[in-house]
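All remarks here apply to the structure that follows.
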Amino acid sequence: MELGNFTGFSEFLLLGLSEEPELQPLIFGLFLSMYLITVLGNLLIILAVSSDSHLHTPMYFFLSNLSLVDICFISTTVPKMLWNIQTQSKVITYEGCITQMYFFLLFAGLDNFLLTVMAYDRFVAICHPLHYMVIMNSRLCGLLVLVSWVMSVLHSLLQCLVVLRLTFCTDLEIPHFFCEIKQMALLACSDTFLNNMVMYFGIVLLGGGPLVGILYSYSKIVSSIRAIPSAQGKYKAFSTCASHLSVVSLFYGTSLEVYLSSAATHSSSATASVMYTVLTPLLNPFIYSLRNKDIKRALKRLVGMVAIKVPIVLGLKKCT
């Protein structure tokens, strides 16, 4: 088939994590379980924060936004993979591939920016506790989330526009479980210099920039914690950052391995991608709730309310 416009093609093939038929049921069950737990866990965080007035603070406002983004993030990749396994098909249309790539980049960028905003929130809370509520007012919090959305939308749109200019050869197999932009560039027959420049510019902008902001915030936080005289005060201050620091380490450690390691093999790339696209959204609700007394209290109250209302509703239905 001659090199030319993509109009001659209509679909790609997603090879997934493994091509072994006997492993497909195991992969399907494992990822379906992780997907359902992720959606339920993050949804519970959102409901707990919205239903408890004590959690209407900047920190939990950003946490609920992160949970919403995590639900959308994992929903861009896992459902399609599960559908392909169930139907024993590896096909994804060209339009579907571009759409998946767009939303994947959008929510990955939002994760980056929200983690940075949350680091700034912890910086203000620990380094400027007396002015915390004045600095982190509702207007600033809303503006920070809005800017994160705008930056992520523009970046995702730019990356997809440069992919649209590419032409592809006969090999349309993507050695991944979703349409990953780096793999798309490797399949192209046309010149990918512009794509590589835009892609690495995006890595610096959405990876390096927020990471520098997070590291700067934590350098100030560490200095402030060291200045606290009591060991109990130091522990209390550090415990407010421990959950966020765990998520940042997991997300950046795996995502940077994928995009910065040019020597990475397909298997290691796929494994790292699972870590930051599936495991990070899965673990976030547990990391932020297991050691957080406020979230635990809100979840218990929420579960109690549901436990009371469900029997009443069922009783009313029986009466009617």
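Here the Cβ of each residue, glycine as well, is placed from N, Cα and C on the backbone.
For the transmembrane segment (26-49), same-chain residues at least 6 beyond its ends with a Cβ under 8 Å from one of its own Cβ atoms are 16-18, 55-56, 60-61, 63-64, 67-68, 70-71, 74-75, 78-79, 81-82, 85-86, 278-279, 281-282, 284-286, 288-289, 295, 298-299, 301-302. The transmembrane segment annotation in TrEMBL covers 26-49 (among others).
Under the heading domain 'G-protein coupled receptors family 1 profile', TrEMBL lists 41-288.
For the transmembrane segment (61-82), the list of distant contacts is 14, 16, 28, 31-32, 34-35, 38-39, 42-43, 45-46, 49-50, 92, 96, 100, 103-104, 107-108, 110-111, 114-115, 117-118, 121, 141, 144-145, 177-178, 277-278, 280-282, 284-285, 288: same-chain residues at least six beyond its ends, Cβ to Cβ under 8 Å. Here TrEMBL flags 61-82 (among others) as transmembrane segment.
Sequence annotations record features per position, and here TrEMBL assigns transmembrane segment to 102-120 (among others).
What TrEMBL lists as transmembrane segment is 140-158 (among others).
Away from its own ends, the transmembrane segment (197-216) comes close to residues 105, 108-109, 112-113, 115-116, 119-120, 151-152, 155, 158-159, 162, 181-182, 185, 248, 252, 255-256, 259-260 of its chain (Cβ-Cβ under 8 Å, at least six residues beyond either end). As annotated by TrEMBL, transmembrane segment applies to 197-216 (among others).
The transmembrane segment feature in TrEMBL is assigned to 237-254 (among others). Here the transmembrane segment (237-254) has long-range neighbours at 111, 115, 118-119, 122, 125-126, 207, 211, 214, 218, 221, 224-225, 228, 272-273, 275-276, 279-280, 283-284, 287-288, 291-292, meaning same-chain residues at least 6 beyond its ends whose C-beta is under 8 angstroms from one of its own.
Annotation comment: TrEMBL describes 274-291 (among others) as transmembrane segment.
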